[in-house]
C-alpha cells in the first residue's frame, strides 16, 4: 500500500504558516482506522429508514412550497420585480434541491438504510430528477473514495503536475479576471462536462463518459445499471420536453433550469473545496495508501447552508473515513474523532466566497518540494 512507514511529522518548507494554511502531516498516522472508529459512539453507524426519509420528505415539502409560491405569485408581480424574484427563487430552491442531491448521494454510499435495493431505488429516482446518472456516478464516486489523494487513480478534481499545465494557465490564473472566468465556467459547466467528457477527472487510455456503459470507467458487472441510469435521465429529459410543449420553454427554464444550475454549481464548489486546499498533500504510487489519502480532505464552513446541505460540507473528513455513516450522525462522529486525528484533521473556516478565489489562485498544479526526500508527496503550488 505504498511507503510511508515513518511515524514522525517531517519538516515542511512552509512550516512557518499557521492556521488553515498550515500543511497537514503526510507521514503514516500514529493511529489506526480501528482506533478512530472506536472513538465514535456505536449508534452513529446505525441507519434508520424513518429518520432518513424524514429528511427527504422535509426537503421535498420545502421545495414544493417554493414551487407553489413561484408558480402562483411571481407572474403577478410587476415585470421589473419578477426579474428579481426569479433569481431569488432559483437560489432558494437550488439550495434545497442540493440537500435532495446529498440524500441521493447517501443512497449511493448505502448510508440511507440497511436495504441496498431501497437505497438504489431512492437514489435512482431523485438523482434522475436532477439529471444525474445515478449508478454511473455511484460507481465512479466509489472509486474516488477508494483512491482519494492518488495522482494516478483518483477520479475527480485530480490536480495536474506542472509539466502538464497548458501554456495559457499562468496567464489565466495569475490575474483576478482570469480566475473569475475560470471559476464561472467551472461552476456553470463543470458538472455536465465531467459527466459527458470526464473533464477534471482521472485520465483514461480512451474516451471516458458517464453515459457510456462500455466506457473505461465501468466493468462488465456494472454495465447494465449504466443503461438504467441513462434511461432515468432520458425519462426525465423527455418529461421536461413535454412540459416545455405544454407550459413553454421559458416556464421550464425558470421553474426547473434555474434551480438546477444552482444545484450543479454547489455540487462542483463543494467537491472542489473539499479536495483542493494548500494544506492537502497528494501522493503518487510510491507513497499513496488509502488511509492517508482519505485524510487528505478538508471540512469547510458554509454557515446556515451546512444544515441545508445535511452537513456534507463540514463533516467530509468523517465521511471519507466511514462513508456508510448517515449524515445525521456525522457531526457527532466528527467531534469524537478530532482528538484522535489531531493535526491530521483539516478544517478551514474561511468564508466560501474568499476560499474559492484563494484556492483558484494558490492551487494551480502539484509538485514535490525540491528539498524534500519524499518525492512521492506532492503539494499545491502556483509559481511558474
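For all residues, glycine too, the Cβ spot is worked out from N, Cα and C.
All TrEMBL annotations are machine predictions without curation.
What TrEMBL says about this protein:
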- 25-62: domain 'Fatty acid desaturase N-terminal' (DOMAIN)
- 85-346: domain 'Fatty acid desaturase' (DOMAIN)
- 1-26: region 'Disordered' (REGION)
- 55-74: transmembrane segment (TRANSMEM)
- 86-105: transmembrane segment (TRANSMEM)
- 117-137: transmembrane segment (TRANSMEM)
- 177-197: transmembrane segment (TRANSMEM)
- 250-273: transmembrane segment (TRANSMEM)
Intrachain residues whose Cβ lies under 8 Å of the transmembrane segment (177-197), provided they are six or more past its termini: 132-133, 136-137, 156, 171, 209-211, 261, 264-265, 267-269, 272, 356-357, 360-361
Maximum Cβ pairs under 8 Å to the transmembrane segment (117-137) - stretch from the list 55-74, 86-105, 250-273: 86-105
Helix, strand and coil residues within the domain 'Fatty acid desaturase N-terminal' (25-62) as assigned by DSSP: 24 helix, 0 strand, 14 coil
Distal contacts, the transmembrane segment (55-74) - CB-CB under 8 A, six or more residues away: 82, 85-86, 89, 92-93, 96-97, 99-100, 103, 122, 126, 254-255, 310, 327-328
Integer average pLDDT (0 to 100) for the domain 'Fatty acid desaturase N-terminal' (25-62): 98
